[in-house]
Amino acid sequence: MDVLYSLSKTLKDARDKIVEGTLYSNVSDLIQQFNQMIVTMNGNEFQTGGIGNLPIRNWNFDFGLLGTTLLNLDANYVETARNTIDYFVDFVDNVCMDEMVRESQRNGIAPQSESLRKLSGIKFKRINFDNSSEYIENWNLQNRRQRTGFTFHKPNIFPYSASFTLNRSQPAHDNLMGTMWLNAGSEIQVAGFDYSCAINAPANTQQFEHIVQLRRVLTTATITLLPDAERFSFPRVINSADGATTWYFNPVILRPNNVEVEFLLNGQIINTYQARFGTIIARNFDTIRLSFQLMRPPNMTPAVAALFPNAQPFEHHATVGLTLRIESAVCESVLADASETMLANVTSVRQEYAIPVGPVFPPGMNWTDLITNYSPSREDNLQRVFTVASIRSMLIK
């Protein structure tokens, strides 16, 4: 894997810097490195593809070295270099695709394609070794079963979940009280509602709670907490739990009271925040517990009192909500996040070449399914294919 990264890094630098008019002295070190790559690869044969619709391709390396010059690089020099660069880039692209579409239930962190296994040989270590990529660094750690650490921005840690629970219900669905939520990606939105605006509740207050368990532990997380849930701030028609009917939800938004968010690890509270909004942090956690209250306003203008009458019908429904968004965090496991395209790269290649469903990944690389059942085998394979996707993205956009 590190050899594949070093190949890609050398080719990217060569493609960017070996251009007509450049002083040879400015790129002499790069050309020496480029020539070392050619010397190492010459005389070797590789085969890629042969799975799904990914075609079989044979690769043979027999290239001349780039020479020295005292002057600027001319058009002939650059054209010779470009022909070599283009062949190598095409090779790296096909090795990456061949690796991204393969999976294994055992030792999925190790190279799975014949071409990448061959590149792992000791003779190829002479290619400019470069371990500067976070993905390569963590791949090496995971390969040795040592602790890894990925930094993610808006990590897709929450499987998609959208539903509701009713704490008070009746067949007519005209005086409901309960909680509804939407968990997806890096965000939780939860709303508590009471059609009667807590008119008969103790102290005219309804208590709500929402607990979310993560599939992986996050550490050093920066989090935004807001006293609102905008996705539940407009009228909607909702299917009943049994699917027999529908009910109408017409929210009027109040500010939540006594808001508390707890971050837990293995059942132990690590961080707690009360009535604190904006940016907060959490050291390490695998569970988030949100609790908040809907309190009937003790004093209301006539216009507000008209919204919340003391008896039915309740045409407007008192609602309070919270939004919790994980902006950045560190995780030992690889995840999809907002700043990278690794999941899209892997999925698109597998779809384009009609790769059959294997023993590890779900059909279509469905992320909700994948993260919901994030087994060690999936973790190993996902880290490997994401590492390869990061290498491919250096050359192929």
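Backbone N, Cα and C define each Cβ position, glycine as well.
Per Swiss-Prot, the features are as follows:
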| type | residues | note |
| --- | --- | --- |
| REGION | 62-73 | region 'Interaction with the inner capsid protein VP2' |
| BINDING | His153 | Zn(2+) binding site |
| BINDING | Asn266, Asp286 | Ca(2+) binding site |
Close in space, distant in sequence - Asn266 (Ca(2+) binding site), Cβ under 8 Å, 6 or more apart: Asp286
Counts by DSSP class (helix H/G/I, strand E/B, coil) across the region 'Interaction with the inner capsid protein VP2' (62-73): 0 helix, 1 strand, 11 coil
Local confidence of the prediction over the region 'Interaction with the inner capsid protein VP2' (62-73), expressed as mean pLDDT: 92
Sparsest Cβ surroundings (other CB atoms within 10 Å) among the binding-site residues His153, Asp286: His153
